[in-house]
Structures are given as C-alpha cells and as structure tokens.
C-alpha cells in the first residue's frame with residue numbers, strides 16, 4: 001500500500017544556495033534556487049544591494065517561475081564592497097552574501113628617470129584601458145623605504161608624472177602608483193610597483209634594473225658594431241694584399257720558369273739595371289765546362 005502526499009508550499013522559507021557566479025568591475029552575477037522545488041506559479045523576489053562603502057541601498061525585483069534563478073546586478077563601482085540580500089516579496093526569511101567588485105587595473109609602463117637631485121615617476125594614463133576611470137580622479141603615490149621599514153604617502157596628482165625629492169643615498173625604495181582611493185581609502189585601484197636601488201656611492205644611479213641594462217646596451221652595442229666594422233675592413237685589406245702578393249709571385253715565377261729545364265731561371269745582365277754594369281765580363285769558357293745554349 002502507498003499514499004501520495006503533496007506538501008503545501010511554504011512561502012516563508014528563504015531562497016536556497018545563494019552564491020556569486022561572476023564578479024566584474026561594475027557588475028556581479030548572482031544565482032539562487034527557489035525555496036522549494038518546481039514552483040507552480042510566478043514568484044516575486046526582492047534583491048537588496050547595500051553599498052557598504054557609500055552606505056546606500058538599492059532594491060531590485062525579480063519575477064520568475066524557474067527553480068533556478070540567475071540575476072545580474074549592474075551599476076556597481078570598481079573596488080566596491082556590497083551586501084546582497086535575496087528574499088521573497090512577502091518579506092520571508094532571507095539569504096545573504098557579500099560581494100567585492102574587481103578594482104581598477106594598475107597603471108602601465110611605470111618608469112623612473114633620474115635627475116641631479118630628484119627622480120621623476122612616469123606612467124601611462126589609466127583612462128587608455130579603463131573606461132570607468134576619469135582623469136579627474138587622479139592617482140596617489142606611496143613610497144616604501146626598505147632600510148627604515150617605513151611606508152610614506154607622497155601625495156596625489158591628476159598628471160601622468162610625479163616628482164620625488166630628498167632621497168637618501170644608500171636606501172632602497174619601492175614606489176607604488178594607483179588610482180586614487182575614494183571614501184577614506186576604501187575604494188582603490190590596483191597598485192603598480194617599481195623598485196629604485198641606490199648605489200650608495202654618491203654617484204647617479206639608474207632608476208631600475210631595466211633602465212641600467214638599457215643604458216649599458218646603448219653603449220655596448222655601438223662599440224661592438226664599430227669593432228665588427230673595423231675587423232671587417234681589416235680582413236678585406238689583408239685579403240687584398242694577400243691576393244696581390246700571390247698574383248705578383250705567380251707572375252714572377254711564371255716569367256722565370258723554363259719548362260725545358262724544369263727549373264726557374266733569372267734574367268740576363270741586361271735586365272739587372274746599373275748595378276750589374278760593374279760585374280766583370282765573361283770572356284771565355286773552359287774546355288771541360290759544358291756550354292748550354294738556351
């Protein structure tokens with residue numbers, strides 16, 4: 001024997017399994033399930049979004065008959081903190097969760113240029129890749145002294161550069177640049193960090209390892225190029241001289257070689273110049289010396 005029992009839906013139960021599916025800079029996708037399986041009618045949900053930074057509230061209404069509900073909360077702020085509450089429209093028990101949106105990206109291409117008595121920080125405008133960033137918001141700069149173990153706030157600017165003075169020789173500094181924090185430092189952008197190493201010898205040091213390697217390369221590459229060019233020219237000159245000497249020797253040997261005798265012969269006294277005029281004349285030959293007529 002068996003009996004079929006149909007449970008009476010309880011609209012006082014809270015939504016089940018509330019969680020975040022995806023969080024961006026200005027939106028969040030949340031998901032939950034109805035208080036009971038297979039609703040037989042449309043259910044009205046109230047989605048309350050509390051901004052924990054600005055201390056403001058917004059309420060959205062969602063009407064659906066689906067057992068699984070997915071909803072996108074829009075118009076959020078990058079780096080914000082929110083408390084989300086979902087419940088049925090009759091103010092039944094609630095389900096809640098906290099959401100932190102993705103902060104603004106760090107500025108790109110942070111570099112240091114060393115001057116005589118100060119340094120300059122440079123970076124690309126964050127508005128080039130962040131549509132939600134306005135240059136009027138500006139940037140804030142922090143400095144960490146590793147020797148003193150102290151972090152200092154240097155200030156903020158709406159420009160893409162910042163001047164830093166009064167650095168101590170022998171200290172290593174880390175500089176960070178980020179979108180300016182809002183609402184008492186609760187909504188900040190991701191920081192871009194760069195290390196500045198002082199040599200400690202009183203000489204001008206390069207801003208970063210990349211800067212130093214770039215400066216060295218700018219000197220070494222032209223020197224190596226000139227050396228290669230000089231060596232190339234030297235090899236060409238030596239090769240040409242070798243060819244001329246080889247050709248001269250070949251011509252000389254060919255002009256003094258007798259194929260009949262199989263050996264080299266030298267020119268007669270007429271070709272030797274003035275120095276041979278003083279040589280004694282050969283007047284005759286001995287009978288026992290064979291005479292060879294060429």
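For all residues, glycine too, the Cβ spot is worked out from N, Cα and C.
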Q: Please find, within the list 192-215, 216-239, 240-263, the residue stretch that TrEMBL describes as transmembrane segment.
A: 216-239
Q: By DSSP assignment, list the helix, strand and coil residue numbers for the domain 'Fibronectin type-III' (14-109), in that order.
A: 0 helix, 52 strand, 44 coil
